[in-house]
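Here is what TrEMBL says about this protein:
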REGION    B:67-93  region 'Disordered'
REGION    B:140-168  region 'Disordered'
COMPBIAS  B:151-168  compositional bias 'Basic and acidic residues'
REGION    B:217-264  region 'Disordered'
COMPBIAS  B:226-237  compositional bias 'Basic and acidic residues'
REGION    B:290-337  region 'Disordered'
COMPBIAS  B:313-325  compositional bias 'Basic residues'
Amino acid sequence: MSNNEQTLRFCSSAIMMRIKTPKNGRVRRELEKRAPKLVETGKKTLILQGTKTSGTLNGVLSEIYHLKKGGAVRFTRKNDNIRPFESGGEASLEFFSLKTDCSLFVYGSHSKKRPNNLVIGRMYDHHVYDLVEVGVENFKSIESFNYDKKMAPRVGSKPFIAFVGEGFENVDELKHLKEVLLDLLRGEVVENINLAGVDRAYVCTAISLNKVYLTHCALRLKKSGTVVPRMELVEVGPSMDLVVRRHRLPNEGLRKEAMRTAKDQPKKKVKNVSSDAIEGTIGKIYIPDQKVGDVALPNKAKGVKRERREAKKKEANERASKKQREESE
Amino acid sequence: MAMETESQKAFHVDVGNLLAFNPFHSFPSLPASRDELVKECLHEGTKLVQAVADSLFNLPSSEDVDGPLVKLPPPTTKLPREKHLPKPKPPTKWEEFAKKKGIQKRKKDKVVWDEQTGTWKRRFGYDRVNDDKDIPIIEAKMTDEPGVDPFAKRQDEKKKRVEKQEKNRLQNLKQAAKIGALPSHVQLAATALPITGTQAPPKKVTKDELGNVAGMAATSTASGGKFDRKLPGEKPAKKQGKHRKFLPVVEGSGIGSREKEQTESVLNKLISKHSHEILNVGKAVTMYNVKKEKKARNKRNQEGKFSSATNKLKPKKLLQKKTGKKGPVSSKKGKAK
């Protein structure tokens, strides 16, 4: 199949269509990365701001970007036409999400009515799925914490996440916020994890019915008697109070569709293995032809020794027989 | 750790996500200072993290270069997907036909034995088996028409086959796109608007034509297109400025007043004070010469009825004709002045 663009004329169909395939291997690989998959890997986050931002909000956005360095995109220009909670104001967001392949976004804006506003949202198929609007209070940035720099968590490590409080179970908005925060802070879903590399934890505590205290800590593993080390949390990164303002849950139909998972299918086909009802699992082994004559013999082959031994024996026998003959003669 | 009561220990632990949730904690009253609040939060957090670590470190681990590697169980909290589930590709028309007829797929070798050269050649590509250009002679059959190039015919047939194949491929992809199962690296793009009835397909406008049209549109504005917003990369029009120049409506009447000059020049042409400037001498001479030659020809034809003298009797009739018009007019005008 050629990879070039093709033009075709159609007699029967009215619209002339053209098949476009990438001429570059790099582009092809990039498209395959963005295609929908059965089992999904980590979501990328888009961090952007609105018409006006405050100093604290700028700090919050840049620190969230640092925390998610590997899988986040940061836009620094102001975007006037993004209003997530209005019906027409999401077009720009969806366009950015499509172009950067991000399905999580954090949008910061500051106004008198909603100071230090953060809208955290998720996308399904590059359309807005759900939104949570929080206000940031009592923000403490990374620089304001004093800690031993050696324990600082490394970029991209998988974090422990802890949610404390009955509010997360009872209050609707906090439940939604919990889900969204989990999605945001989780990182990639991995099968294997190196136990030496766990070094960060996020703690979210529900302080009141609409306030959550979020903090980022480094982990210190202390020796204890058992295999399990004793955990110690040291506050390292940003800490802030999140006040839930508004939220929008997804439509029921959309939610059902997004939560669908494929049943586990046998993903990897192991080659040369087949299973039979009667015989069980059968494997095929292909052996190349043995060229017995061409194989080089090692220096001290046992055969050589044996030959020598046998030669000696033969000689001895011959001598013995000769002697016998001589004697007989 | 073991001293904790049942109600407190029931954290929701999700090892796959390294997540722990304590749904039983609440602040009966907010601590007075911020520090105390932070301490309380960290304390609770530590308990939860310890619970996760308990389950995590007890998982079977394998030794690796950097440290013990542990296989995580799949996460239990369900989160929404970011993209839709990929749909399986629908069978192509050939695949359906093959299934119906029971045709099995045969694995093809990369190299094929070529009888002609006696070597192993590629099945397709550069130096391939059964290439059209390797055929030296095509024998003529009884059914062949004379004057038909068999080599060209073979090439045409191949082209047709290739086109048909591409058409079928496009149809298959369209079918897949209809149900949303287009492969990720393929995009279908519409090239032109649908052709309806006897409409000719729209002609493609060349770059020069577009530039000319843009320039023409620019001159139709009052300022000659000087202040029009230009697209990035657009070059300035070739003939800049207005093509006609209109006089201002109100102007002072001095020596250099343009309207006076304009009308004066027009009138002069009409009145012809300097009529010799108006006469086109060259043209007049030519006309006279032509007439003369015509007369000479007529004379030759009619065998000298007209003597040369009669020609002389009609001198410069043309010149008189030209000035004749102007003569009476000028005299009249002169009197009026």
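Placement of Cβ uses the backbone N, Cα and C atoms for every residue, glycine included.
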Check: Mind checking how the region 'Disordered' (B:140-168) divides into helix, strand and coil residues in DSSP?
Finding: 19 helix, 0 strand, 10 coil
Item checked: Helix, strand and coil residues within the compositional bias 'Basic and acidic residues' (B:226-237) as assigned by DSSP -> 0 helix, 0 strand, 12 coil
Notebook entry, point to check: Do you know the DSSP helix, strand and coil residue counts for the region 'Disordered' (B:67-93)?
Noted result: 1 helix, 4 strand, 22 coil
